[in-house]
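S.K.: Take this structure, written in structure tokens, and hold onto it; I'll ask about it next.
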Amino acid sequence: MFTGSIPALVTPFRNGKFDEVVFRAHVDRMIEGGSSALVPCGTTGESATMTIEEHNYVMAVCIDQTKGRVPVIAGCGSNDTKVSLAHLRHAAKAGAAAGLVVLPYYNKPSQEGLYAHYSYLAENSPIPILIYNVPGRTSSDISVETLARLSRLPAIVGMKDASGHIARVSAQRLACGSDFCQLSGNDDMALAFNAMGGVGCISVTANVAPKLSADFQKACAENRYQDALALQDRLYPLHSALFSDSSPAPVKYALSRLYSDFSPELRLPLVQPSDHSKALVDAALSHARLI
């Protein structure tokens, strides 16, 4: 089972190209900060603006740089089932431990369509799959009932839940079993999510505060919820500020404030965060005692 603080990695760019040197350094920072796994090529990694060749290369670089120190859960989502399967097969070949597969976006399949999509992938994928439910981005929302059906398939081992509905953690635990890996997709809800049966977070904030995020998850796992609450108070302004503009723009800005070699460059249609967002990020970094 995947547990703890799992950064959803940003993908650094410079002059329009993948900045491999900076990315490798970022991977090392995440691991040295206590992260328990890594997720490249997800939403935070701007996978939507990568070519398939770039996607596969970034994934492979991440796996190479980890050197087996932590597992890699590769972003393998697409709204084309066969493309998603191709990503899963490439991830397996590169050495990923699992694939994170977001609900198909834009084409808005029915619940039966979602079941067909994931069951096809489960039948054909060489690695385990975690379902990623983020209705705010996909306009699709997997039901507890559909999730329960899918959880019976051996290759479907868990989910990243960014639905924003905290009560679902209990409903999904009862429907899918306590061994079904539930990871929060919302940093600001991670404390409550873990208290209700979650086992970690695929985190945006961990890009900026890997050690604090890992310490927070460790406190939750050890039932030290007063310690976890203190860390949540320290991190909460950052959780909020990092979504004060289109993600991952604020995250990249924060990293550029912390590391001189990290460019805040994004790919269109994303643009730099507003001055207001930058001010919120600066204040949050100060509150967390990171600057």
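Counting begins at 1 with the first residue displayed.
Keep in mind that glycine also has a Cβ here, set from the backbone N, Cα and C atoms.
So Swiss-Prot lists the following for this protein:
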type	residues	note
SITE	T43	site 'Part of a proton relay during catalysis'
BINDING	T44, I202	pyruvate binding site
SITE	Y106	site 'Part of a proton relay during catalysis'
ACT_SITE	Y132	active site, proton donor/acceptor
ACT_SITE	K160	active site, schiff-base intermediate with substrate
S.K.: Want to know which recorded positions, from T44, Y106, K160, are within 10 Å of Y132 (active site, proton donor/acceptor) at Cα; which are they?
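M.R.: Close recorded positions: K160.
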S.K.: Compute the C-alpha separation of Y106 (site 'Part of a proton relay during catalysis') from T43 (site 'Part of a proton relay during catalysis'), stating it in Å without decimals.
M.R.: 15
S.K.: Can you tell me how many other Cβ atoms are located within 10 Å of the Cβ belonging to Y106 (site 'Part of a proton relay during catalysis')?
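M.R.: Summing over all protein chains shown, Y106 (site 'Part of a proton relay during catalysis') has 8 other Cβ atoms within 10 Å.
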S.K.: When the Cα of K160 (active site, schiff-base intermediate with substrate) is compared with the Cα of each of the recorded positions T43, T44, I202, which one is closest?
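M.R.: Ranked by Cα distance from K160 (active site, schiff-base intermediate with substrate), first place goes to I202.
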